[in-house]
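Here's what TrEMBL has on this protein:
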BINDING   74, 117, 119, 120, 247  Mg(2+) binding site
């Protein structure tokens, strides 16, 4: 008889279904018309009814199946009043059928940390820039991002009434990433993707120093990593604090699973153990290929302005 699937594969398979449920909640809140917007730290730091319901759904669903896993979500919410209709119990069969990479077969529940961004790109969501929005579930072990799920609830939303809305991308280190077509940015072109709503003098100084052929400004860290793995951009550069661990954990796992690299602006890798501070205070530098080219061109003045 077949051995039961390793814990990691069961967690990823569940996270896949939980993310699809999350996408349905995100779309339902939007189509119902009342976003229930709350300002957290200011007009660029928003929370909607979708952020709240999705986080409750993801965290409660995963905690019920994997009670010893540490789950850290962006929003500070009560965990006890989750209604049954928010619980997703399913899993993706296709993921369970894949063999777990050998280095992860012995993982125990209490060794995993799951970082959840229920709705990455909230500001864009409230402005109707729906393709920027992602749901992020990142899975960390030994302080490293090792698996991730990114759902785009509105993927294809401009393709007309009969298009299937949404998609789920997932990946595991040592296995690869799935649910999209991997592509590299045009050779010899330097296309930088960066923040849309959190720009600053430092952010712009850093981009200028890279002398890019083109700059794309979009919302959401998940969305920016998708630009890299689909070959629409060659580097994601954000010389500013503000990005958090739940923004980068899932995207990092998927990017690393296909041979890319993400660090802070100074070249330090991110740590995802449960005790770590939530802010990525030294910004983000990520590429699918040619990381060293971009890293070598970050000005020292920029690096010195950002303290990890």
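The backbone N, Cα and C atoms fix where each Cβ goes, and this holds for glycine too.
Please treat TrEMBL annotations as automatic predictions, because they have not gone through curation.
Here the features listed in TrEMBL are painted onto the structure.
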{"residue": "74", "record": "Mg(2+) binding site", "CB count, 10 Å": "22"}
{"residue": "117", "record": "Mg(2+) binding site", "CB count, 10 Å": "31"}
{"residue": "119", "record": "Mg(2+) binding site", "CB count, 10 Å": "30"}
{"residue": "120", "record": "Mg(2+) binding site", "CB count, 10 Å": "26"}
{"residue": "247", "record": "Mg(2+) binding site", "CB count, 10 Å": "28"}
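The Mg(2+) site is set by 74, 117, 119, 120, 247; from the centre of their CB atoms, other residues of the chain with a CB within 8 Å are 51, 116, 118, 121, 122, 134, 135, 136, 220, 221, 222, 244, 246.
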